[in-house]
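Taken verbatim from Swiss-Prot:
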{"type": "MOD_RES", "residues": "Ala2", "note": "N-acetylalanine"}
{"type": "CROSSLNK", "residues": "Lys103", "note": "SUMO2 cross-link"}
{"type": "MOD_RES", "residues": "Ser122", "note": "phosphoserine"}
{"type": "CROSSLNK", "residues": "Lys332", "note": "SUMO2 cross-link"}
{"type": "CROSSLNK", "residues": "Lys535", "note": "SUMO2 cross-link"}
{"type": "COMPBIAS", "residues": "542-555", "note": "compositional bias 'Basic residues'"}
{"type": "MOD_RES", "residues": "Ser559", "note": "phosphoserine"}
{"type": "COMPBIAS", "residues": "589-607", "note": "compositional bias 'Basic residues'"}
{"type": "COMPBIAS", "residues": "622-637", "note": "compositional bias 'Basic residues'"}
Amino acid sequence: MAHYNFKKITVVPSAKDFIDLTLSKTQRKTPTVIHKHYQIHRIRHFYMRKVKFTQQNYHDRLSQILSDFPKLDDIHPFYADLMNILYDKDHYKLALGQINIAKNLVDNVAKDYVRLMKYGDSLYRCKQLKRAALGRMCTIIKRQRQSLEYLEQVRQHLSRLPTIDPNTRTLLLCGYPNVGKSSFINKVTRADVDVQPYAFTTKSLFVGHVDYKYLRWQVVDTPGILDHPLEDRNTIEMQAITALAHLRAAVLYVMDLSEQCGHGLKEQLGLFQNIRPLFINKPLIVVASKCEVKRIAELSEEDQKIFLDLQAEGFPVIETSTLTEEGVIQVKTEACDRLLAHRVETKMKGNKVNEVLNRLHLAVPNKRDDKERPPFIPEGVVARRKRMEIAEPKKKRERDLELEMGDDYILDLQKYWDLMNSSEKYDKIPEIWEGHNAADYIDPAIMKKLEELEKGKKSSEQLLGSMPVSLRVKTRKWWKIRQLAKQIREKKKLKILQSKEKNTQGPRMPRTAKKVQRADLENEMRSLGVDMDDKDNAHYAVRARRSRSVTRKRKREESVPPSSIARSRSRSCSKTPRDVSGLRDVKMVKKAKTMMKKAQKKMNRLGKKGEADRHVFDMKPKHLLSGKRKAGKKERR
């Protein structure tokens with residue numbers, strides 16, 4: 001909505017939910033532990049804080065409700081009357097008044113009990129005062145159950161109301177039920193209003209939007225109105241009356257020519273005269289709908305006189321059919337133009353126009369001489385205007401040709417090219433290509449030269465066949481030399497690429513650190529021309545075998561009792577401690593120990609027994625969360 005967004009009103013909880021939400025928030029967001037041996041001012045402050053916190057929560061929520069709901073005296077009269085019809089203005093104001101009184105009562109209760117708590121001389125008395133304060137607040141809210149439920153229903157209905165801007169350009173449809181109002185709005189706009197062959201299908205206001213002359217227009221579909229006194233009209237009809245009374249719109253009064261709506265033309269004219277005071281200062285158009293069934297010319301003279309009288313009074317009558325879409329666009333155009341003119345006329349009568357006109361200055365140049373200077377209109381424009389007046393047959397488009405020719409049609413856009421030489425339209429090579437003249441790069445005798453070249457090739461082959469054997473052998477040797485030279489060039493290119501790969505800027509591994517495989521070494525030597533057969537006893541093969549232990553383990557010697565203390569003992573093999581194995585020097589050992597301590601910090605902080613301790617403690621103890629919370633069992637709050 002331009003000014004009113006009723007969809008943003010916060011949800012109004014029920015009285016029970018209201019109490020539960022507030023008390024739960026108090027329990028969660030205030031301290032919960034107090035002991036009787038604490039100083040008395042600390043105990044008082046503990047319970048005062050709970051009372052004030054609860055009071056503030058109630059105050060904020062109730063204030064939010066009061067501020068979100070629209071005040072009937074501050075909003076547009078259209079919405080004020082619409083809410084009065086839908087929700088009863090007195091009931092609505094009474095509910096908001098009750099909420100406001102409840103808010104003040106909660107504030108007064110909190111103030112009184114905080115004053116009494118200042119004189120509490122023990123933990124028990126302060127606690128009882130706190131319980132009494134929270135209990136009285138909850139009782140006050142509990143008594144507002146009906147008001148809260150009513151306001152929640154109003155909120156839900158308000159959020160479903162259509163988005164109507166009372167101040168923008170509007171087309172308003174009205175008339176008897178089932179005369180074709182909803183069908184018209186479905187044709188003109190993208191609204192999807194339900195259309196059924198019975199009366200009062202539309203029970204509330206519906207809105208669609210349409211563009212005309214680069215402006216945004218809203219089309220409002222109203223429920224049907226019956227011809228009886230205002231006091232007897234129901235809520236559905238009063239919505240249409242409210243829209244007619246307050247929206248500055250162009251009114252489209254829809255009349256059913258076929259009388260299939262169940263009401264004759266005289267009854268429809270009677271309704272028109274009944275609600276005519278609502279059409280004052282509004283552009284009005286009479287829409288004669290369902291003309292595909294019966295037209296005005298086919299009516300009786302008495303019925304035709306109805307429309308003639310309306311036209312005599314200055315109301316345009318337009319025949320329409322939503323089935324064949326006849327007259328629909330005409331009605332929209334006529335209504336929009338009349339409303340635009342009416343709005344301009346209204347603004348010109350106001351005081352703001354004079355303020356704007358005083359700021360404008362129209363500069364007119366002085367006349368230089370008596371020579372006439374008529375506007376110049378090219379001859380082509382004049383000729384085109386004449387052709388348009390004659391209404392000569394239109395030029396056939398490619399789409400029309402495609403429909404005529406069917407499968408024989410081929411899209412040819414080159415026939416429309418405007419070239420100096422029309423014979424160049426279908427040239428395969430264009431005259432200009434990317435800024436260059438293509439003819440400059442083409443030899444006209446190229447095909448002739450190609451034929452001569454092919455002839456020369458054939459003659460050379462014939463010449464080779466007619467050569468003596470000695471010359472042919474020399475030619476073959478020359479051919480082999482060329483093949484070898486080609487292989488050498490390719491080898492050089494590979495070497496260059498390998499050299500480029502070696503010349504990278506990344507980290508390099510020294511040659512001595514690289515592990516050389518025996519097979520790779522033998523392949524490389526063979527490629528250089530070295531015979532690598534029967535090399536099992538060569539130095540590189542023996543060294544490779546020595547690198548891994550091939551000797552058998554020494555047999556364990558028989559244990560002999562010690563003959564003397566002084567006998568020689570062999571020194572046991574020394575073993576590196578585990579905490580320093582794999583570490584280079586003392587500096588690295590210190591760094592490893594520091595990292596180990598950091599890794600153990602989190603485990604120690606969580607009180608884990610070790611790395612394998614994955615125990616998860618019970619986050620929801622059963623003795624606190626099991627069982628039902630019935631009335632009188634909520635002491636822990």
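Please read every residue number as a count from 1 along the shown chain.
Each Cβ is built from the backbone N, Cα and C atoms, and glycine gets one as well.
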Taking DSSP H, G, I as helix and E, B as strand, the compositional bias 'Basic residues' (589-607) contains 17 helix, 0 strand, 2 coil
Considering only the recorded sites Lys103, Lys332, Lys535, which residue has the minimal Cα-Cα separation from Ser122 (phosphoserine)? Lys103
Out of Ser122, Lys535, which of the recorded positions is least crowded by other Cβ atoms within 10 Å? Ser122
Cβ neighbour count (10 Å, all chains) around Lys103 (SUMO2 cross-link) is 22
According to DSSP, Lys535 (SUMO2 cross-link) sits in coil
Measuring Cα to Cα, how far is Lys535 (SUMO2 cross-link) from Lys332 (SUMO2 cross-link) in Å? 104
Length of the line joining the Cα atoms of Lys103 (SUMO2 cross-link) and Lys332 (SUMO2 cross-link), in Å: 52
What is the Cβ neighbour count of Lys332 (SUMO2 cross-link) at a 10 Å cut-off, with all protein chains included? 23
